[in-house]
């Protein structure tokens, strides 16, 4: 079972990824984890990726694609994988198709967790952090007992700069633009499965598992 997990920031991908790998014996492979592992293992591609990252440059597609191929060829991914954070471009999606073809495998489903942008804004801008102890709150899902004050030590709560509405809105716009052609690509291949991510977490999980059970 070879799965790609997609969704905008705040859609709950991390939560659903955890539930999927609990239910199915496949590794959760995120782009960040892949890079860290390749660099730690000092593979040729890992060293090459590190040289770009150390210079503050974007890692070229051919290096990223090579690292993906190495990772999904490992023993723990032979029965399947859950890929998160890749592909990000049509070129990467086509490269992944080529890799899967070389490995005589295919992508079984692309799970896209859909949440209205307004709801994502609420989720992403509601985070507050205690300036003393670092405890995280959420104005909607996990509010402090007293507005603006930490329950634990009475510290003042603040909003991180990248959680402010303007930054979040820009981030969502970039992600929508980036993901649209990839979703169309997989829809044309007949493997795209859209999930309503605005439901309760357990309901979303049940919907995801139901799709995967029927592959």
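Including glycine, each Cβ sits where the backbone N, Cα and C put it.
Taken from Swiss-Prot, the feature ATP binding site applies to 10, 11, 12, 13, 14, 15, 127, 136, 137, 199. In the three-state DSSP scheme, residue 137 (ATP binding site) is classed as strand.
Secondary structure at residue 88 (AMP binding site), taken from DSSP and collapsed to helix, strand or coil, is coil. Per Swiss-Prot, the feature AMP binding site maps to 31, 36, 57, 58, 59, 85, 86, 87, 88, 92, 160, 171; the stated evidence is sequence analysis.
DSSP classifies residue 150 (Zn(2+) binding site) as coil under the three-state reduction. Annotated Zn(2+) binding site per Swiss-Prot: 130, 133, 150, 153, in sequence order.
Within the chain, the region 'NMP' (30-59) has long-range Cβ neighbours (under 8 A, six or more residues past its boundaries) at 17, 66-68, 70-71, 84-86. According to Swiss-Prot, the region 'NMP' annotation covers 30-59, on the basis of sequence analysis.
Sorting each residue of the region 'LID' (126-163) by its DSSP state yields 3 helix, 13 strand, 22 coil. The region 'LID' annotation in Swiss-Prot covers 126-163 and is backed by sequence analysis.
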Practice task
Could you check which of the binding-site residues (57, 133, 150, 153, 160) sits closest to residue 127 (ATP binding site), going Cα to Cα?
Solution key: 160
Fill in the blank from the handout: Counting Cβ atoms within 10 Å of each Cβ, the densest environment among the binding-site residues 31, 150, 160 belongs to 150
Practice task
Could you tell me which of these binding-site residues, 59, 130, 133, has the fewest other Cβ atoms within 10 Å of its Cβ?
Solution key: 133
Fill in the blank from the handout: By Cα geometry, the one of the binding-site residues (10, 14, 130, 137) nearest residue 86 (AMP binding site) is 14
Exercise for the section: Would you count the other C-beta atoms found within 10 angstroms of the C-beta of residue 14 (ATP binding site) for me? Expected result: 12
Completion exercise
residue 14 (ATP binding site) to residue 150 (Zn(2+) binding site), Cα to Cα, whole Å, comes out at 26
